[in-house]
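Listed in Swiss-Prot for this protein:
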- N9, R20, G194, G215, H216: 3-amino-2-oxopropyl phosphate binding site (BINDING)
- D11, H12, R47, H52, T102: 1-deoxy-D-xylulose 5-phosphate binding site (BINDING)
- H45: active site, proton acceptor (ACT_SITE)
- E72: active site, proton acceptor (ACT_SITE)
- E153: site 'Transition state stabilizer' (SITE)
- H193: active site, proton donor (ACT_SITE)
Amino acid sequence: MAELLLGVNIDHIATLRNARGTAYPDPVQAAFIAEQAGADGITVHLREDRRHITDRDVCILRQTLDTRMNLEMAVTEEMLAIAVETKPHFCCLVPEKRQEVTTEGGLDVAGQREKMRDACKRLADAGIQVSLFIDADEDQIKAAAEVGAPFIEIHTGCYADAKTDAEQAQELARIAKAATFATSLGLKVNAGHGLTYHNVKAIAAIPEMHELNIGHAIIGRAVMTGLKDAVAEMKRLMLEARG
């Protein structure tokens, strides 16, 4: 059974800050509190439109984090150049559309193998570990292994958005099967998107899961309970799921 880690996404601290054009709340301070509460890493998505996290945030976080930085980004020349210069510990390559509210699905790695292979190599040559954000699909998982990514992050949005218990159980089984298949190919398996305090335990209980990246639910809970308690409670639920 893989060690289970929690990556806390702090994008929406920046969303709150940018809503008023102020210097607060500060994502760097939020990252420090999350680390104190047990976060194993900090995830930020530097979007092309800079709607929340900024280049300055990325630079300061890379210099100040005690744990690991996971930079989510689109596969563009601009973002690859920023990553190579900043050298986060991890980069998670994601699809990105300007009009979307949040990432809506996984990368089509199988349909753009050469582009993904080049991106993975460029990042790896800079000493950055790469994960590909993909759906729980065997063809995409095979393609991820073929292009040289050591990690995948399984998109859990369909599981999180399931309208019935039966639909959620079906999505859970699909994710579990995908995690087993990916592990058989030598990939390490992360997961994220839409995970909350109500649905995280079933995903955390999947033996092959290495890390869960969770943001919106934690920041939403933090508004009510405080960020430290929110992170600590999420970590407790994850570890409890492992017995």
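Backbone N, Cα and C atoms are what each Cβ position is placed from, and that goes for glycine too.
Because the structure is a prediction, the values reported are computed rather than measured.
Feature annotations (Swiss-Prot) mapped to structure.
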{"residue": "N9", "record": "3-amino-2-oxopropyl phosphate binding site", "contacts (Cβ under 8 Å, 6+ apart)": "I42, T43, V44, H45, E72, G192, N213, I214, G215, H216, I218"}
{"residue": "D11", "record": "1-deoxy-D-xylulose 5-phosphate binding site", "contacts (Cβ under 8 Å, 6+ apart)": "T43, V44, H45, H52, I53, G215"}
{"residue": "R20", "record": "3-amino-2-oxopropyl phosphate binding site", "contacts (Cβ under 8 Å, 6+ apart)": "none"}
{"residue": "R47", "record": "1-deoxy-D-xylulose 5-phosphate binding site", "contacts (Cβ under 8 Å, 6+ apart)": "I53, A74, E96"}
{"residue": "G194", "record": "3-amino-2-oxopropyl phosphate binding site", "contacts (Cβ under 8 Å, 6+ apart)": "T156, G157, Y159, A160, D161, H216"}
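Calculated from their C-alpha atoms, the gap between H193 (active site, proton donor) and H12 (1-deoxy-D-xylulose 5-phosphate binding site) amounts to 14 Å. Among the recorded positions H12, H52, H193, H216, the residue whose Cβ has the fewest other Cβ atoms within 10 Å is H216. Neighbour counts were taken at the CB atom with a 10 A radius for the recorded positions E72, E153; the maximum falls on E153. Among the record's 3-amino-2-oxopropyl phosphate binders, N9, R20, G194, G215, H216, no two C-alpha atoms are more than 25 Å apart, and one pair sits at exactly that spread. Counting every protein chain shown, the Cβ of H45 (active site, proton acceptor) has 23 other Cβ atoms within 10 Å. All protein chains included, G215 (3-amino-2-oxopropyl phosphate binding site) registers 22 other Cβ atoms within 10 Å of its own Cβ. Comparing H12 (1-deoxy-D-xylulose 5-phosphate binding site) with E153 (site 'Transition state stabilizer'), their Cα atoms are 20 Å apart once rounded.
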